[in-house]
Amino acid sequence: MTDSANNRPPRLPRREVHGVLLLDKPLGLSSNDALVRAKRLLRALKAGHTGTLDPLATGLLPLCFGEATKFSQDLLDADKTYEAVVRLGQKTTTGDAEGEVVVERPVSCDRAGLDAAIARFLGEIDQVPPMHSALKKDGRPLYEYARAGQTVERPARRVTIHAIDVLDCALPLAPSFTMRVKCSKGTYIRTLAEDIGEALGCGAHLTGLRRIAVGDLTLDGAVTLDQIDAQADEARPAMLAPVDALLRRCPPVTLSAEAMSRFLQGQRLAYRDLDPDSAPQEGVLARVYGGEPPKLLGVARMREGALRPERLVRL
């Protein structure tokens with residue numbers, strides 16, 4: 001064993017960490033690499049991300065740790081909000097600034113024309129995923145076909161564009177604009193930018209993309225990997241939001257000690273076992289608390305007059 005190996009500080013053991021890290025992902029880092037680095041910095045036993053963010057995009061990447069991973073699917077299904085910078089008049093091989101320009105056309109539209117084109121993409125639309133994406137065909141990611149110079153048929157997918165707001169527009173002086181897009185899961189902003197360019201007759205590609213919200217989670221309070229690294233090891237878990245930050249839309253229900261014991265055994269609770277002032281409506285998913293001080297026990301849904309556990313957490 002070398003002297004350097006002998007002098008290396010011992011690796012600290014993994015630990016139980018529960019909560020949601022609101023990570024501001026940097027440019028050029030994949031979501032998986034960001035997760036690996038955050039998990040190492042926190043020394044967490046269990047972690048998972050809530051949907052990928054392209055390496056060329058920055059912004060909000062919620063990472064779930066410990067018991068929060070039980071709710072990661074909810075964020076996968078949540079609406080997303082992005083800010084995107086679009087360059088008109090040029091199409092690239094990848095739909096973004098990393099690709100080669102393959103088509104160049106004059107840009108003759110003004111702000112009114114841009115607004116009219118954007119309006120065509122509001123609501124439910126059919127969108128063909130880009131070749132440079134991680135979607136798979138015959139077990140292979142589409143980007144592998146694209147890198148080999150192949151184009152394969154991709155079925156259009158139905159997505160919903162809830163809102164598009166133009167934040168900045170250089171037209172007609174310069175061929176670019178910035179938009180904020182709120183959309184359903186599975187929406188490709190790169191493709192949306194290209195489609196807007198086609199609607200204007202000039203083509204387009206993305207030059208910048210930043211995610212600013214996932215469901216109710218925003219960049220407010222988000223941290224970078226460098227900020228985590230700068231903290232003392234024992235202070236890092238405090239940088240996570242609590243597990244119930246993922247459940248803000250669910251009304252709270254607090255149980256008595258007796259009801260809590262039954263709930264944690266997976267038993268349903270009759271309406272009479274609940275505080276009538278906080279009992280949820282039929283069909284509503286609630287976040288359930290118990291103990292002193294109250295802590296999150298899980299989520300449950302009111303069905304046929306009884307509160308039925310759906311997911312339990314052990315904090």
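Even glycines carry a Cβ here, placed using N, Cα and C.
Look at Swiss-Prot and you will find D54 tagged as active site, nucleophile, backed by sequence analysis. DSSP assigns D54 (active site, nucleophile) to coil, not to a helix or a strand.
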Under 8 Å Cβ to Cβ from D54 (active site, nucleophile), same chain, six or more residues apart: give me those in sequence order, or none if nothing qualifies.
L209
